[in-house]
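Copied over from TrEMBL:
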| type | residues | note |
| --- | --- | --- |
| BINDING | Asp408, Lys409, Thr410, Glu458, Phe499, Lys522, Arg556, Thr644, Gly645, Asp646, Arg759, Lys765, Asn788, Asp789 | ATP binding site |
| BINDING | Asp408, Thr410, Asp785, Asp789 | Mg(2+) binding site |
| COMPBIAS | 1105-1115 | compositional bias 'Polar residues' |
| COMPBIAS | 1153-1164 | compositional bias 'Low complexity' |
| DOMAIN | 34-85 | domain 'P-type ATPase N-terminal' |
| DOMAIN | 811-1087 | domain 'P-type ATPase C-terminal' |
| TRANSMEM | 56-73 | transmembrane segment |
| TRANSMEM | 79-97 | transmembrane segment |
| TRANSMEM | 292-314 | transmembrane segment |
| TRANSMEM | 334-360 | transmembrane segment |
| TRANSMEM | 842-863 | transmembrane segment |
| TRANSMEM | 875-895 | transmembrane segment |
| TRANSMEM | 925-944 | transmembrane segment |
| TRANSMEM | 964-984 | transmembrane segment |
| TRANSMEM | 991-1011 | transmembrane segment |
| TRANSMEM | 1059-1080 | transmembrane segment |
Amino acid sequence: MAQRWLWMLVPWRGSWNLRSKAPGQVLLLFFPQDNHIKTAKYTLYTFLPINLFEQFQRFANAYFLVLLILQLIPEISSLSWFTTIVPLVLVLSITAVKDATDDYFRHKSDQQVNSRQSQVLTKRKLQNEKWMNVRVGEIIKLENNQFVAADLLLLSSSEPYGLCYIETAELDGETNLKVRQALTVTSELGADVAKLSEFNALEIVTLGESEEGEVICEPPNNKLDKFTGTLYWKDNKYPLDNEKMLLRGCILRNTEWCFGMVIFAGLQTKLMQNCGRTKFKRTSIDKLMNTLVLWIFGFLICMGIILAIGNTIWEQKVGGNFWEHLRWDHLLSSAVFSGFLTFWSYVIILNTVVPISLYVSVEVLRLGHSYFINWDRKMYYSRKDTPAEARTTTLNEELGQVEFIFSDKTGTLTQNIMIFSKCSINGKIYGDVYDEFGHKVEITEVGELVYQAQSPDEGALVTAARNFGYVFRARTPETITLYEMGQPVTYQLLAILDFNNVRKRMSVIVRNPKGQLKLYSKGADTILFDRLDPSNEELMYTTSEHLNEFAGEGLRTLALAYKDLDEDMFDEWMKKLLFVSTVLENREERLGALYEEIEQGLMLVCLVCACLLGATAIEDKLQEGVPDTISCLSLASIKIWVLTGDKLETAMNIGYSCNMLRDDMNEVFVISGYSTLEVQRELKNAKERITGPSREKISIGQDVGKSDMYASDSVFEETIIAEYALVINGHSLAHALEADLELILLDVACLCKTVICCRVTPLQKAQVVELVKRHKRAVTLAIGDGANDVSMIKTAHIGVGISGQEGMQAVLASDYSFAQFRYLQRLLLVHGRWSYHRMCNFLCYFFYKNFAFTLVHFWFGFVCGFSAQTVYDQWFITLFNIVYTSLPVLAMGLFDQDVNEQYSIRYPNLYKPGQLNLLFNKRKFFTCTLQGVYTSFALFFLPFGAFSCAVREDGAHISDQQSFAVTIATSLVIVVSVQVTIGLDTNFWTAVNHFFIWGSLAIYFAILFAMNSDGIFKIFPSQFPFVAFCDWRSLKAYVPCWACFTLGTARNTLNEKTVWLVILLTTVVCTMPVVAIRFIRTDLQPTQTDKAMLRCRGQVRFLQQASRRQGPQEQNLRRVRRTSSRRSAYAFAHQQGYGELITSGKNMKVHVPSTSTFPGSSPGRTRAGSSSTENKLGERKDTHNVAAAEDTTKPGVTEHTGLGGGSVYSRDTLYTN
């Protein structure tokens, strides 16, 4: 059974054997594993084949490779091979250079790491050895500030009790030092090489050649915070856990030296196990583009079939008359076979309708948009020297389509800088300390002694105790020393019952100087109150009232309790603890059950009372700009859900502080049922209250495509005018996420303006995000700052990490990162919206110009006997997409702005087109396609009609094919250049735009005249035969009749005034309908962007005059100063494993106090009397203080006059139709 469990635990990537040791136990025998690592993908010999194989897995590249092969067949190809191979090689080369550059740096990094030196104990002496040569079972010596070479079992160190200090920045991004401690039995080895060499017999034991000692441990895995193993040595068993391990990538700090034995090496280390490929996130535009490319390919096949059928018919009726003169083979004289060959010929000619350079161009745009985010100084946090960072380049345009934001609370909305405020001891409240001048002072004022706590909550508690005379001064693995009012007191530390997300509490067992056994416990009040002795009932109610008062002020709370323990019972329990601590299988679960046993047993069976000590309250201030940011994002129709581990009352109070909850809301629904039936009933009642009597609904109906998409979804069919909020507890959420209730939960949540989920676990956060992703076709964004937010960040379409007080785990797992929540507003409303706008315009233009360029061949097929003759010369076909028209659209896609950044934030409703997918969808694609078809039709038939009767100034006909090709090509380049400036409204002109547009036209004419010059014809007459001149009527024949020759087709053609008139006429006919349609639509049905652009350009001055006469109406942007008695969360923010951190003797270090401070805007509150939450939710009678008027120049707060009808609107109704 154990063997099966180990096989299922983690996919094995190394070499090992299983050997039975005893029933229920398994010994892992590792073969020697060197420490060599390899992160590079290629070698010098494998780069070309592997890279080409990867690139040709893309549909477009494989498609053009097939076309290239077809072009090598003379019978079906009317184009030279270079027309396809030049753009294909260019695309493959750019991608290959990028991949080779990335891999070169990976090789360089691998070589640098593998060549690091380490001291290895070999033959009773230390020898320098490269990292790559270190093997499992060897003992190595580390010195201060050295990197850890492999995953080591710490044996001994220069510090007392076998302690050492490490920095884990490369593993989890945290720069604060962590403490590790060796087993007492191995710490005694010290630096004695002889004793360490004897212990080194374990190197052979792992191979099964000695029974001197052995290590039993879990297989290699990627869990950085967990290690389970047992050391068997000298007939004793010793438990091994993560606190005794030094992982590869850590740095030894503040420790002169230490020795460790290699457990995992090379690719088996936890660091390398975490280097696997992350889940690739694709945007909705990416998925749509792949679908559209397949549709385009199908359209290409249809055009080839139509032209092949036309060729078959033409050959039967007309072409057959010329077969005897052409002397073709018998097969070629078949009309059906001729049509078959023509089909493949037209597939080759019309291949440019499938855009080969599309994906490369998109990646260039995304890279540019990412740099704009990184360079944005307005998202730079100077106090921590932290800029915004785009950690991916594939999701930028999706930032402009976000509909749901899932946010953590602590450290994300708040500063996570805790200040001790007050406490309740034995039923009495203490707090609000004042100096001799009557000024209020902070209890947690920093003194000479500074603590490095695991969480800000603990730092605030211990610092406050120090300031009251109870100073924590020293700690060893067995003792804790305090100075109580100046007198040193030492407690013997016996056991710690560790914290985890299930227990939600932590207990410690100590023996005081009087010899008494005490169990102290701290945690959530809801957990501790259930374990109190009945004699404490009156004190519990009093303390609960105090907690209500603390929560009403938005404070985080923590309950404390103690017990007196019996010696005999404790001795028996300790024996069980020692046994369970050395068990390999299910150790954590069995320890949790044992902790529960002593806590539950003592409370229920023992005659000793469990007494309540009291409760503490800690303030966590809001970050600067959080209320304004949330208000602005809400006006952009972005739903913000708060997912927090705090209590319901604290989460609700933060909601009021952030303007997510307001007293003018119709109702706030609280879901707190403890069973599935209760939760179902509460959700159904909430839904009936929302959709029942009032029925105040309006149809959003702004996007046909999206409305059709959500036709079966009532949430997206209707928007509720009345405002509701949903607050759901963690235990209720567990039932609501079940398959039977999840859809009801989602419906109710989406009908509410605000959703707050409290007391949720990291897994539940991810489940909520996955629920919305699975059932709503909406883009989701998750933002957090701690390790408990990583699963949520990875699950959402877009993950944002905040570099706060809880380390860098969230940042390392995110797609975008910055230092403050308020920067999210700029990331979405400015960078996200611009990226979406630019990408959509780019795609529309790209598809348009490709259809306009390619379909000219389709129309030409009807006048050339379906002979697969091309209109353009081959060099124009080769250079059109990669030289003539690539740069202007890239400039537009990189720099265009429909409105500036100030207006993007001032008018949040401009964000809605991205949410409704209005700027690029299937309907837009068909519109661009039809425009391209129309343009190609005009490009061909206008010159065709004009040239059929036009003559030169000397009376000769302008009727040769080369002149016709030059005219169409010149018209095409000019039309698409005009289209990018006028038709697609390049709104923001830069010097780069002008340079690229006029430069592309100049390059076109330079290349045109060069390729049609006398000199190049004389040098390469077979490659540049663009000198033909013949009667245009001969084009109707199967083979053109070359009547005469002249040099310089382009020069002769463009010297004619008639040609330029044709080019001008074609340009006007192609562009004027687009301009007219845009003008009429803007005038009759202006979009929100059109209105904002008019405002931005100063074309509505009369509205400004109206706004002076009539002040803006204040609506839902007022800041509510709330007085409430809602309960707050406990201030306990430990991570699992903190108890073992203490027992392992991780003593403190005195550090220089930090001088950095963090700004916060904690909304002022009036103190309220205590009352229950339920009474407040039904009917609120308390008085609110309306905040002072906000600065009207602040983005996200300003109210503005409307843009139409002369009426005055607040910002949230500015564009309501």
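Cβ from N, Cα, C; glycine included.
Quantities reported herein were computed from a predicted structural model and do not represent experimental measurements.
For the domain 'P-type ATPase N-terminal' (34-85), the number of residues in each DSSP class (helix H, G, I; strand E, B; coil) is 26 helix, 1 strand, 25 coil.
In the predicted model, the domain 'P-type ATPase C-terminal' (811-1087) shows an average pLDDT of 82. Cβ crowding, taken as the number of other Cβ atoms within 10 Å, peaks at Thr410 among the binding-site residues Thr410, Asn788. Of all the binding-site residues in the list Phe499, Arg556, Gly645, Arg759, the shortest Cα-Cα distance to Asp789 (Mg(2+) binding site) is found for Gly645. The transmembrane segment (842-863) is in contact with the transmembrane segment (925-944), judged by 3+ CB-CB distances under 8 Å for residue pairs 6 or more apart in sequence. Of the Cβ pairs linking the transmembrane segment (875-895) with the transmembrane segment (1059-1080) and spaced 6 or more residues apart, fewer than 3 are under 8 Å, so the two regions do not touch. In sequence order, the binding-site residues near Asp785 (Mg(2+) binding site) (Cα within 10 Å of its Cα) amount to none of Phe499, Arg556, Gly645, Arg759. In sequence order, Val642, Leu643, Thr644, Lys765, Ile783, Gly784, Asp785, Gly786, Asn788, Asp789, Met792 are the residues of the chain that are 6 or more apart from Asp408 (ATP binding site) and have a CB within less than 8 Å of its CB. The least crowded of the binding-site residues Arg556, Arg759, judged by other CB atoms within 10 A of its own CB, is Arg759. Asp789 (Mg(2+) binding site) has a Cβ environment of 30 other Cβ atoms inside 10 Å.
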